[in-house]
Amino acid sequence: MARRMSMYSMASEAMGGPQAPQQMSTTTLLNAIHNIYLSSQPYQIDAGTSLVVNTWLTAAQAGATVDATLAARAWEHARRRAEDGCVVLGSLHQATPSLLVPFLNTFPFAIPASIYKSLEAVQPFLRCVTPYNASAPRQIALGVTLTLSLGGSVTGASLALSQGGIDTENGLLNVPAEAGYRAFDVFYYLLTSASTPAEREFLGLKAPSAYALLARSGTYEPPSYLITADDGAAADDFRQALKEIGIKGSVHRNFISTLAGLLKLGNTLDYDADSDDFEEICEDVSGLLGMEPEVLMQQLSTEDRRTLVAGLYEALVDWVISKANAAIAAQMLRIRDGDESVDGRGVRTPNENEDGDTVSITVVEVPEPALGRALAMRTIFDDTLGINAEMIEDGVEIHPASSSVVREMQQAVADVAPDLGIMTGPQGRDRQHDIEKREVILEKAAYASEEDSFLKKLLFPVEGQGINLGRTGRFDLPGLLSSSRAWFHLALHPTDDSPANLATLPAITSAWSAGTISRQLRSWRLPEWANRRNRSLDYTADFDVDEFVGRYGALGCKDGKDGIETWMLERGWSNGEVFIGKERIWVREGPWWEAESMLDIKPAHSLQSIGQNPFTSGFDTSYSANPPNGSGFFPAPAMDNSMNGSNDQLMHTRNFSQGNMSQATFNQHPHLNPQSAPSIAPSAMRNAQPATGDYGLGNKGDTYKGQVFYNDDGDFTGKLDGDLAKDKKIETKPLTFGRRAWVAFVWALTFWIPSPLLKFVGRMRRPDVRMAWREKLVLFFIILLLNGLIIFWIIGFGKLLCPNANKAWNVKEVAGHAEDEDAFWVAIFGKVYDITDFWRQQHSDTSIKTTKTNMLPLAGMVMDNYFMPPLNRACRGLGIKETVQLTFNETITNPLAQHVSGFYTRDRTSALHNADWFWTTFQPKIKEYYHGDLVWKEGTVKSQGSGSEQHPWVMYGNQIYDLTDYLHTLDVNDNFDTYKFLNEDMVNLWKNSPGTNIKKDLDLLISNAKNETVAANLKNSWQCIQNIAYKGIVDFRDSPRCRVNNWLLLAFAIIICIVTAVKFLAALQFGSKRRPSPQDKFVICQVPVYTEGEDSLRKALDSLTALQYDNKRKLICVICDGVVVGEGNDRPTPKIVLDILGVDPKVDPPALPFKSVGNSAEQLNYGKVYSGLYEFEGNVVPYIVVVKVGKESEQTKSKPGNRGKRDSQILLMSFLNRVHHRAPMSPLELEMFHQVNNIIGVDPELYEYLLMIDADTCVEEDALNRLVAACAHDAKIAGICGETALENDEKTWWTMIQVYEYFISHHLAKAFESLFGSVTCLPGCFTMYRLRSVDKGKPLIISDGVIKDYSVCDVDTLHKKNLLSLGEDRYLTTLMTKYFPEMSYKFIPDAQCKTAAPESWSVLLSQRRRWINSTIHNLVELMQLKELCGFCCFSMRFVVFIDLTGTIILPSTTVYIGYLIYVLATGTGPIPYISLAMIGAVYGHQALIFILKRQWQHIGWMIIYILAFPIYSFILPLYSFWNQDNFSWGNTRIVIGEKGDKQVVAVDDEGFDPRSIPLQRWDDYAMANNLPGRRGGYQEKTDYSYGDNYELDEIKSVYSAGPQGSVLTGMPGRNTYMPPSPAFNNGRTSTMGFQESPMQHRQSMMSMGTGVHDMRSQSPYQDYPGQHPGVANLRGQANLSPAAGGGHSRSGTALGFSSGSRSPMPDAMRSQSSFDFQHGQGGPTDMAIVESIRSVLCEVDLDTVTKKQVRALVEQRLQTELVGERRTFMDRQIDHELENM
């Protein structure tokens, strides 16, 4: 049982405030009330009743007065006694403000944030403005039920109205017709401008005066005395609250429609309503409510409609409450799963098993004084009911109340009998009649509504139960009181004056009327109440005899009543304090709490006898302020009022705090928490051995024996054997619809591959591995299919659409081969021939020789006239003589090439003399060289026919014929009949329709021949024309079918070219390199370390130390991912790191637990924390090192503590998240906080940026300042990266091919994405994130959502593996873009770093596999985001799509480039000018970039890159795609099947118990260990600013010898406190102060790995280098008594000195041991700076000089560069001097 001292226990006797005397009178009580009113305190008239006095003014300005002690008392009783409690918030005056929320805030546990949001959503339905109360509740009673575990933490919560419902009569139907009254607030919120214009138009809303329900009083605005009250602002908050409880979208539309319908229906409640208006209103309302208008107009009377309005309104409120309860339940589920903290801020580690027994506390607000009076008086004065009757029956002597009191009680109960469930009297019968009538009317409305309408769901919330209004979701108020222990919190009002008058009073407590208070006291009979309770009834606990003995037996109580009585006498309790009844033991509050306190301080091992008592279960460690017995991992407090609080005991318990915390941590002592979750890592590994100089890490891996090796990626080379479900715990997890659909799709494609084949042949024994292989196969197939489709689309699809496109050539294309001896093309009678292989042959049989001179002029010509056959052979059947030949219209330019055959052949010996030479010799030979058709554009044909020369060209279908030479011959020969051999009618078609398609006319002419002779003539003429006039075909390539593919390709080509051009322009940043001014933001430099070597680590740490940035404002945070020996190393990596940093090897900090990213039991991990100062080249920088060492059970494994880089990032992110939210922390995080806050001396909350680098990265000196300056200039930047170059660029061929890729990927891709503020991959090797937004301090990289998604433990699918195991850095960027799309993610090339590239093929292959696969899976995630900036095709969504497809189709790109090379080399197709231009543009732009940037070396790198293009674009992608499932699959959680919507998982370990990692808030931990640096409240700050009263010199670093303050020097004279931040108990004052003690320093100070001694002795900056004080010396100095004046400030150091001393050490000692971390070796004084500024301003021209120039001149004059506060002072002083000139 985890025992601890409750906050309540500290002041249990004091009751937390003034108490009632034994005998009370009205005057006495009146005086007491006046006193508590002036002091804003509660007054307890008995142990269970408190009185408070509040007005709206005190509540608004000073905070409502509430009794936190009563809340704590109710909580303690509930959890310790396992009994339900009920706190009644009664109001004795109609003007008292509501105390529901303030009272909830006083509970000593965190209230779920969703409860407050739910109340925000519900209260506008219940509150009204009245002349006496600006927010008067109109409900009968509203209850907030908090379900608690027996440990006292919240496990559930809900809201409910009592069965009495809401006073709709005064709040809606019949608002008093007096000024100052309003209806329910929700209606005014509906009508404000918060409603969108679309909503207002849809609802038809008007001004409030247009609605009868709102117009009765004529008051439409909030009271004027509330200067901040505004319905518009409140409506915005209300709408947001509705959204947060799930009322949004269509549900919200239905909700506001119903609300508007009720408002409009109110206009029909007047009996004299106009009939036309009445019908119009009913039509409108029926549309809004979704019911038939006839029901409203005809079936319901006016009185019925009044009942309908009231009933629907209550049903709507019940529905809103049900939605609120669902939202609360959802948050509680997330809290139980550890996804969220109770207050909704920060991630949470569950620390309690919340599945056990529970109790509940119900806080009931009863705003009506009459009902509250009746409830209270019946509880106190009625001896026939409840606990009073039980006590009387058990023998407790109770003095009866006076008859007058009894009569008043009976009359009070009778007045409100129906609300108390008493239905026997006249009022009850009337109420019952009204309820029955309401049910009939509501049932009629429900059945008249549309099926599945919102109205029907409102009225029938439970299917099959009919109208249940007033019962479903409501609570029985009398029943609740009778079944719970009742506590009363009663609120009085000091005056009857109107609230407006209170605002004019001189003080908030000036309002007082003794008569008013007296009337309230007498009305409720409070004096008699106090006297009766204190005399007879004030027993707050009761037990049966066995239960009492069982609980307190460990304290010496013996069995039986006699044993109890004896024990009572030993304790000094009288019979009045503890009464032994017939059956039960009755105990008053004082004795009961005294006994409980003794149980708390009793050692746990002596309480085993009550170990099974349900009332003694473990408590939630996240609450405790002072765990007295070292509960869990937390040590005992130094302040202990128990018998164990001696000095010896004090020293003993303090030694648990840090250096010796392991004793408490690992249950070394038998009295520590036997019921808490057992530690999985016993202490043996930590503390069994003395310090041996190994940093407490052991000697594992120190000797290089070759047992454990890791490759360059840190992958263990050993083998793992997986077991399946045998002897394992089987779990089922629900699957998302997307996952189920994907699994079904995978199986549909791979069903033909039997699983046994994969299992036995493929050696995939596990189902999850086989499933991943199937997924990989499907993805690989899809990618190959996509690549194939791309290639087919570019190369083959066009040919499929346009089959002969590559065999068609126009005259221009043919002419393009003129004078081309290697591509000799000619066109003859509409055909194109490639006679390249023929023209050189000696093919002439005459004296004419075939020479180049003769032949080349003919290349590219159309040679129809050179090969005209004899007409008598070409036009048979037309009676043409052999002497007839055509006269050509065009002159033959090369007569030697004319082939005239037949009669006119010049050489009779030639083969041309044969009249059939054209058909027998020429055509068979020329066909061998056929290359395609000669094509003409249709426009060319038409222009030839319609031009000035009007050539007779016509189309016959797609064929083209030209009769120009025939008609020209007739013209030359005067139409001599010998030459008129063609049919006249046919020739007329050419003459009359030139340029047109005559197919239809010609076919008609032939078919309509008069006789056979004419038909024969026509056919012969047509045959003749086909032989001598054929010109080619219409260019079909211009058809849509052939053009569409080219246009699509061209469109994409244009888009890609535009994107390329924009990328090029984005990369052009001319001008000199900017030199931003020095920045002063606090930055954490995170370095995750795994298996890197000493050289790489030293370079990385040295580069961070040497950064040109204020050393005090940067913190190096090294996180070692396990105790791992890297390849080539002779010791584990953590030891290498600690050696480099100079940590004393004898330092052995404890291993502390924290939650890791891992499967099941791997979530429990342990880590050690070291801190100190690291010096390099004169720079001294603080560092903190966290070494993950793992559990005890891991020490025999190869990599204890290793959980991956993602876990290292999450460790720091989660820590900063909890720092931001001030949430409970794990022990490791508490130690980190202590080291940073108290040892280093900087509040972790001051850090604003997180710089992430890899351990093999060297950062340029100005890089960090440039990154911070960019973020300071643009507050929207959430993440930013710089340029990463290679430091080993010339090491091997494999590094050389990467140089150009690194350069161009930054200056093109990232520069382009940065234009949109959406860099899709911020590399983990060099990226900086902003921790919080500037305006509101909203967490960014440390937000709950990012951490939750990034810390997913169950990485059991292929997609998750590629996201979270390969591409952590890219996925982190994806998550940031997902959760903060409105923020920017930038790249700046001026910030540079260098990293080492893979030097071997195997490592490069492994790296690119991770990069490519993670890129694909991350970009798929990015494509699902809804909000990415940009517009049209320049949206980042489009660019992401281009990047995604570009990565996937890399192989097809390589294939296509190969195809282009083939086409160009062989000339087998048209030259692809566009493709060549695109390739030229891409590489041309890239070349221009580095030429313009004068990066000449990249010319050579570019050539090497192009040579390696097939490797990057073909080999690496295909290898990566196929190896998507190449992971190490752990054996802890094995997915053995996915069936339906479930995933079956076999778990093979002890599991993870969240209780093994207890949580505690820093303030509680600091108080328990007397540590400085307590922070105050826990609520999230509303603005990320610290106010004027906050100085950074509140915490003093142990490394500093400067004046009191932090490392920032600050103002020594100031001594302000931490920024006030309201906590959940904001209204309460502390019961004790805190003062630093001389004993505050503990031995653990120097054992925490701080490295103080080592670093100080090495520092070149100490004044006396020869003197090296040892640790003992420092400790001795630490124990010096503080100087006089030690006060209550938090500002002391971790060494334990009082803040009253300006220095922790005497002046003589300062320089001996401390480097002045604030000032270095000094600097210019304020006066020197002022004098320099004045001198400079006197010398410069004030009209032209800039402030930056003045600053530079001042620094030049001072011969130093001012940073931090000194720079701020200089800037402020420059402004001051300029103002005074």
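Keep in mind that glycine also has a Cβ here, set from the backbone N, Cα and C atoms.
According to Swiss-Prot, the protein has these features:
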CARBOHYD  Asn133  N-linked glycosylation site
CARBOHYD  Asn534  N-linked glycosylation site
CARBOHYD  Asn629  N-linked glycosylation site
CARBOHYD  Asn644  N-linked glycosylation site
CARBOHYD  Asn655  N-linked glycosylation site
CARBOHYD  Asn660  N-linked glycosylation site
TRANSMEM  741-761  transmembrane segment
TRANSMEM  777-797  transmembrane segment
CARBOHYD  Asn889  N-linked glycosylation site
CARBOHYD  Asn1011  N-linked glycosylation site
TRANSMEM  1048-1068  transmembrane segment
CARBOHYD  Asn1413  N-linked glycosylation site
TRANSMEM  1444-1464  transmembrane segment
TRANSMEM  1471-1491  transmembrane segment
TRANSMEM  1499-1519  transmembrane segment
CARBOHYD  Asn1526  N-linked glycosylation site
REGION    1677-1712  region 'Disordered'
COMPBIAS  1690-1702  compositional bias 'Polar residues'
DOMAIN    1723-1779  domain 'DEK-C'
Cβ-based isolation winner (fewest other Cβ atoms within 10 Å) among the glycosylation sites Asn889, Asn1011: Asn1011
For the glycosylation sites listed here (Asn133, Asn534, Asn1413, Asn1526), which one has the lowest count of neighbouring CB atoms within 10 Å of its own CB? Asn1526
Would you list the DSSP helix, strand and coil counts for the residues of the domain 'DEK-C' (1723-1779)? 42 helix, 0 strand, 15 coil
Which residues of the same chain, at least 6 past either end of the transmembrane segment (777-797), have a Cβ under 8 Å from a Cβ in it? 745-746, 749-750, 753, 1045, 1049, 1358, 1448-1449, 1451-1452, 1455-1456, 1459, 1521-1522, 1524
Based on Cα distances to Asn1011 (N-linked glycosylation site), point out the closest of the glycosylation sites Asn133, Asn534, Asn889. Asn889
Arithmetic mean of per-residue pLDDT over the domain 'DEK-C' (1723-1779): 85
Top Cα neighbour of Asn534 (N-linked glycosylation site) in the set of glycosylation sites Asn133, Asn889, Asn1413, Asn1526: Asn133
For Asn534 (N-linked glycosylation site), the three-state class that DSSP assigns: helix
How big is the Cα-to-Cα gap, in Å, between Asn133 (N-linked glycosylation site) and Asn1413 (N-linked glycosylation site)? 64
Roughly how many angstrom lie between the C-alpha atoms of Asn1413 (N-linked glycosylation site) and Asn1526 (N-linked glycosylation site)? 11
On the three-state reduction of DSSP, what should I expect for Asn133 (N-linked glycosylation site)? coil
